[in-house]
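Chemist: I have a structure I would like to understand better, so I am pasting it below and will then ask my questions one at a time.
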Amino acid sequence: MSFSTINSNVNKTTGDSNNNTTENSSTADLLGMDLLQSGPRLMNTMQPNNSSDMLHINNKTNNVQQPAGNTNISSANAGAKAPANEFVRKLFRILENNEYPDIVTWTENGKSFVVLDTGKFTTHILPNHFKHSNFASFVRQLNKYDFHKVKRSPEERQRCKYGEQSWEFQHPEFRVHYGKGLDNIKRKIPAQRKVLLDESQKALLHFNSEGTNPNNPSGSLLNESTTELLLSNTVSKDAFGNLRRRVDKLQKELDMSKMESYATKVELQKLNSKYNTVIESLITFKTINENLLNNFNTLCSTLANNGIEVPIFGDNGNRNPTGNTNPATTTAIQSNNNTNNASPATSTVSLQLPNLPDQNSLTPNAQNNTVTLRKGFHVLLVEDDAVSIQLCSKFLRKYGCTVQVVSDGLSAISTLEKYRYDLVLMDIVMPNLDGATATSIVRSFDNETPIIAMTGNIMNQDLITYLQHGMNDILAKPFTRDDLHSILIRYLKDRIPLCEQQLPPRNSSPQTHSNTNTANSNPNTINEQSLAMLPQDNPSTTTPVTPGASISSAQHVQQGQQEQQHQIFHAQQQQQHHNAIANARSDVAIPNLEHEINTVPHSSMGSTPQLPQSTLQENQLS
């Protein structure tokens with residue numbers, strides 16, 4: 001709509017009127033009322049297209065014929081109002097149709113409406129009826145149409161029948177069953193725009209008072225100045241459309257930025273949670289390391305209190321110069337076997353602590369693989385797991401050892417009371433009696449036989465307990481074939497199998513001779529009493545035969561004689577300790593009981609309490 005259209009309408013309205021001077025004021029009033037009432041619309045549409053329109057406006061303004069005294073037309077035009085915004089009408093229809101009574105409804109007096117559940121209102125109503133993504137945007141839109149939230153005190157919110165979380169809004173023209181009041185609800189005008197309209201209204205009033213007076217010679221000048229003022233405060237429709245599109249684009253970008261900001265906030269919270277978890281893990285790891293260090297210090301203190309010196313390694317310049325050739329540094333301390341000592345049973349204890357190897361030095365497993373183990377060692381395997389028995393027996397036979405198997409601690413004690421072995425592999429967790437308690441009882445009558453613990457519990461406190469019960473070393477489960485070979489090399493490489501050790505001479509003292517069977521003077525003769533004390537054949541006990549080797553009949557005879565000597569020697573040794581064992585049997589049920597039995601330590605036994613260093617490799621024992 002332009003000024004030419006307005007003037008043409010004015011001419012049409014006044015075309016049938018007389019040229020009465022009183023009509024000038026009525027026409028001016030009519031024009032002023034229309035401009036005042038439709039000011040916002042005029043400012044959007046009053047931009048002329050070219051200079052010819054401007055001249056047309058000025059000419060029409062100067063040639064207006066003022067009708068005489070028909071004021072009803074003015075009042076009729078003043079009563080026409082633009083339709084209300086669709087936003088308000090949608091909200092009114094929802095409330096009138098009562099489509100969501102559990103979410104939004106009229107109040108009892110009908111002068112306001114209340115949102116009962118903002119969450120359901122956001123998820124059910126906004127996506128289907130409005131262009132708002134959240135409830136806050138909907139509230140801002142209500143404020144633009146001069147809706148106000150009804151404020152309540154905390155006490156009133158608690159007593160409110162609609163709930164404490166309800167939102168109540170009101171507008172003087174927005175009431176139940178009052179549809180005609182919607183035309184009076186319009187968007188609020190911004191402050192800057194109000195100022196411009198005030199200037200336009202002043203100009204129009206001045207135009208009504210001065211510009212339409214025919215006696216005023218400066219009327220045309222006032223008309224021109226008023227038109228210029230109005231046009232300077234308006235924009236073209238195209239410019240307004242471009243501005244509106246830019247605003248919509250900015251609004252979309254703002255919404256996208258909000259969504260991205262929310263997603264970034266969520267990711268930041270996740271990262272913060274992960275960071276806190278990592279910090280807690282590091283703190284826990286630090287605590288565990290401190291506990292391990294304290295336990296290690298306790299272990300070193302315990303070893304020092306028991307007379308075992310722990311070497312202290314300095315820097316690279318103060319290390320043992322032979323560290324490149326020796327894989328371990330051995331510190332041996334032998335206590336005096338004094339009967340007046342508080343501890344009745346003493347033995348030789350040696351501690352092997354690994355030295356830091358040089359880059360060119362061989363690993364312990366590689367060095368152990370180069371050492372050949374003598375054949376003929378007799379090993380007692382105390383294990384209750386069938387798979388471990390099968391695999392361990394297979395490895396022991398491969399290394400030339402004979403194996404006897406028992407499945408619990410009590411059987412191990414009974415077997416060690418009757419027979420002697422070069423080495424004992426003792427499991428810890430077994431039925432009837434555990435391995436640690438069984439070892440402490442065995443040490444009451446046998447301090448010579450090396451006993452190796454086979455266990456998966458390798459905590460520092462457990463290792464200290466095993467060593468205190470008399471075990472020499474620990475073979476940590478799961479272990480490999482090389483780990484088992486390393487243990488055998490460590491304890492048997494410098495020993496002579498019991499079956500090959502020399503028997504007591506024939507011309508011994510009468511007392512010794514009386515305790516020795518006369519048939520033992522001939523190594524090739526086996527006494528029936530000695531055979532009765534020999535261990536029965538076990539399915540797991542076999543004589544090792546090297547694969548691929550050709551054994552003649554003479555070798556078979558010689559091997560049988562060596563086995564007979566081994567068995568006779570076992571019988572003789574156990575006969576000598578029979579009386580001491582009988583006294584210790586009464587204390588079998590009491591673990592860690594000290595007995596006054598002094599046994600001469602074996603000179604060739606290298607008892608080495610050492611922490612397990614096995615590595616999980618192929619052929620593991622579970």
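Note that Cβ sites are derived from N, Cα and C of the backbone, with glycine treated the same way.
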Chemist: Can you check which of 93-113, 114-134, 219-239, 240-260 Swiss-Prot lists as coiled coil?
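Modeler: It is 240-260 that Swiss-Prot describes as coiled coil.
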Chemist: Which residue does Swiss-Prot record as 4-aspartylphosphate, given the choices ASP384, ASP427?
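Modeler: So the answer, going by Swiss-Prot, is ASP427.
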Chemist: What's the number of neighbouring CB atoms sitting within 10 A of the CB on ASP427 (4-aspartylphosphate)?
Modeler: 24
Chemist: Summarise the region 'Hydrophobic repeat HR-A/B' (212-303) as counts of helix, strand and coil residues per DSSP.
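Modeler: Taking the region 'Hydrophobic repeat HR-A/B' (212-303) as a whole: 81 helix, 0 strand, 11 coil.
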